[in-house]
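Here is what Swiss-Prot says about this protein:
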BINDING   61-62, Q139, 185-187, E205, R210, 251-252, 272-276, 282-283, Y331, G501  NAD(+) binding site
ACT_SITE  C419  active site
REGION    453-472  region 'Disordered'
COMPBIAS  463-472  compositional bias 'Basic and acidic residues'
Amino acid sequence: MTSTTPKSPAAFTRHRDGEIRAARGTQLTAKSWMTEAPLRMLMNNLDPQVAENPTELVVYGGIGRAARNWECYDKIVESLTNLNDDETLLVQSGKPVGVFKTHSNAPRVLIANSNLVPHWATWEHFNELDAKGLAMYGQMTAGSWINIGSQGIVQGTYETFVEAGRQHYNGSLKGKWVLTAGLGGMGGAQPLAATLAGACSLNIECQQSRIDFRLATRYVDEQALDLDDALVRIAKYTAEGKAISIALCGNAAELLPEMVRRGVRPDMVTDQTSAHDPLNGYLPKGWTWEQYRDRAVTDPAAVVKAAKASMGEHVEAMLAFQKAGIPTFDYGNNIRQMAKEVGVENAFDFPGFVPAYIRPLFCRGVGPFRWVALSGDAEDIYKTDAKVKELIADDAHLHNWLDMARERISFQGLPARICWVGLGQRAKLGLAFNEMVRSGELKAPIVIGRDHLDSGSVSSPNRETESMKDGSDAVSDWPLLNALLNTASGATWVSLHHGGGVGMGFSQHSGMVIVCDGTDEAAERIARVLHNDPATGVMRHADAGYDIAIDCANEQGLNLPMING
C-alpha cells in the first residue's frame with residue numbers, strides 16, 4: 001500500500017552520483033514538444049558541462065539549484081513526462097506541488113523560487129528553511145531551467161567591456177588589461193569577454209578546478225604560477241597589443257590589496273565572485289577551501305563574518321584603484337553591499353555596471369535573447385546564426401559578435417546561442433526560427449529564453465535598477481507584471497524568483513521560455529510573447545522618465561496611457 005503521509009522535508013536527498021544529460025534528436029520522451037522542451041532543459045541545466053556541482057543539483061551562483069532535492073527532481077521528470085497539453089505543472093522552490101487543468105495556450109510550467117515575505121527575506125531565514133528542506137535558491141536561470149553555461153553571460157560582459165572602452169579609452173582596449181576575480185558559472189565568462197573586446201585580463205580564482213574547466217573550454221588562455229609571473233605576462237602581452245586571458249589561483253581579498261601596495265595599475269577593475277552569498281560563495285582570506293566548507297556546516301555565523309570581512313578588504317582595494325583614476329565598477333554580485341555592512345561606508349563610490357554602461361540598451365528593450373537547439377546538433381545553431389544576420393542585416397556589431405561566438409565559444413550541454421537584441425527584433429527572429437522548424441531546415445524545435453537580467457524583468461537596487469532616474473530602484477511591481485503578462489501571452493514556462501545575482505532581500509525577477517515547434521499555434525504565441533516581454537522593459541524605463549525609452553515606445557507603437565495615451 002502506498003503511504004499518504006508526506007515524507008519529512010529534511011529526509012530528502014541532496015547528493016546523488018551519476019550524470020544527467022538531456023535527450024537529443026526528435027524522439028520524444030514526453031507527450032509533446034511543449035513538455036519535452038522543459039524536460040530537456042531541466043536535464044540540460046544539470047549536464048556536467050553546464051552545472052558547477054550537478055551531483056548536488058547546483059547549477060551556478062553559490063547554491064543556485066535546478067530542483068530542491070533528488071526526490072523532487074524525479075517527480076518533476078515524472079510529471080513532465082506525463083503532462084498533457086492542457087495541463088500546467090506548478091513548481092514551488094524546486095518542488096512539484098500540483099498539476100492543474102488549464103488550456104493549450106497556457107504555460108506548461110509555472111515556477112516560483114526562493115520568494116519570501118519581505119520582512120523575512122534574509123539569508124539567515126532562508127538558510128534555516130533550506131536546512132529543513134523547505135526552500136531552494138533558484139538564482140536566475142538555475143531554477144528556471146534555461147542555463148546555457150558561461151555563454152549565457154559572455155555577450156553581456158563583452159558589451160560592458162566594449163562600452164567601458166568607448167567611454168574611457170577612445171573605443172579601443174588594445175594594449176589594456178582588466179583585473180577581476182571569479183571563474184564560476186557566471187564569472188567564467190569574463191576572460192573570454194575581455195579577449196573578444198580586445199583586452200588582456202587577469203582573472204583571480206580560489207579553486208583550481210574552476211581554472212582547469214575554463215582552460216579546457218577555452219574561456220581562459222593560460223594560467224600564471226604566481227602574482228609576479230602574472231604581472232610579467234600581462235606586461236608582455238599588453239606591450240605586444242595581444243588580448244590574452246590569464247588565470248591566477250589565489251584569493252582576491254589578498255591579491256588585490258597586494259597589487260595596490262605595489263602600485264600596479266590595471267586599466268579596468270571589476271569583480272564577479274559569488275559575493276552575494278557569503279556562506280557559500282566567497283572564500284575568506286587565509287582560509288583553505290576545505291576549512292571553508294567544513295565550517296559552513298559547523299559554524300556558519302563565523303563563516304559569514306569572515307567572508308564579509310574579506311569582502312571589505314577586497315572592496316577597499318577596488319576603491320583604491322578607483323581613487324588612482326582607474327575605471328572600476330561592480331559587476332552585479334552585491335560585493336559593495338557586503339562591504340558596507342562591515343564598515344566600508346564609501347563602498348558605493350564606484351558604480352554598478354548597469355547604470356555605468358548598459359542602461360541605454362535596456363531603454364530600447366535590448367537584452368540577453370538566447371536560444372537552444374533541442375536536436376543537440378550544432379548545425380541547427382549555425383543555421384540560426386545565419387538567419388539572424390539575414391534578418392538584422394545592418395548591425396555590423398551584432399554580426400561581429402556572432403562570428404566571434406562561433407569561433408571562440410564552446411557549447412556546454414545542448415548547443416545554444418545568445419545575442420543581445422531588442423523590441424521588434426526578438427519577435428522577428430522567433431517567428432523565423434519557428435518557420436525553420438516547420439520547413440525542416442532545423443532538425444528539431446528550438447527553445448527561446450533569456451536571463452532574468454533583462455530590461456523589464458528585474459528589480460534589483462544594487463544591480464539592474466541601481467540609480468533609476470525617478471528613484472524607483474526598489475519598486476518590484478515590474479517583474480511581477482512581466483511574469484503575469486508572459487503567462488497571459490502564452491510562454492511555455494514562466495518563472496518568478498527572489499534573490500538572484502545579489503542575494504536574499506535584494507532582488508525580484510522573472511523569466512520566460514517559449515518553444516518554436518513549427519506550428520501555427522506556436523507562431524501566435526511567439527508573436528505575443530517575444531513582443532510583450534521586451535516591451536515591458538521599454539515600458540518600465542519610459543515610466544521612469546528615460547527619453548530613449550519614451551522615443552522607443554512611440555516608435556514601436558506601445559500603448560502607455562500615462563506616457564502617450
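Every residue, even glycine, has its Cβ placed from backbone N, Cα and C.
Keep in mind the model is a prediction, meaning the values are calculated, not measured.
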With an 8 Å cut-off on Cβ-Cβ distance and a minimum sequence separation of at least 6, pull the same-chain contacts of C419 (active site), or say none. Q155, F369, V388, L398, W401, L402, A405
Cβ neighbour count (10 Å, all chains) around E205 (NAD(+) binding site) is 27
Lowest local Cβ density (other Cβ within 10 Å) among binding-site residues: G61, G185, G501: G501
Mind checking how the region 'Disordered' (453-472) divides into helix, strand and coil residues in DSSP? 0 helix, 2 strand, 18 coil
Quick tally, other C-beta within 10 angstroms, S274, Y282; top of the binding-site residues is Y282
Counting only residues 6+ away in sequence within the same chain, which have a CB under 8 Å from the CB of A252 (NAD(+) binding site)? A181, G182, I204, C206, D271, T273, H314
State the three-class DSSP label for E205 (NAD(+) binding site), counting H, G and I as helix, E and B as strand, and everything else as coil. strand
Which secondary structure state does DSSP assign to A252 (NAD(+) binding site), in the simple three-class scheme? helix
DSSP says the residue listed as 'active site', in three-state terms, is strand
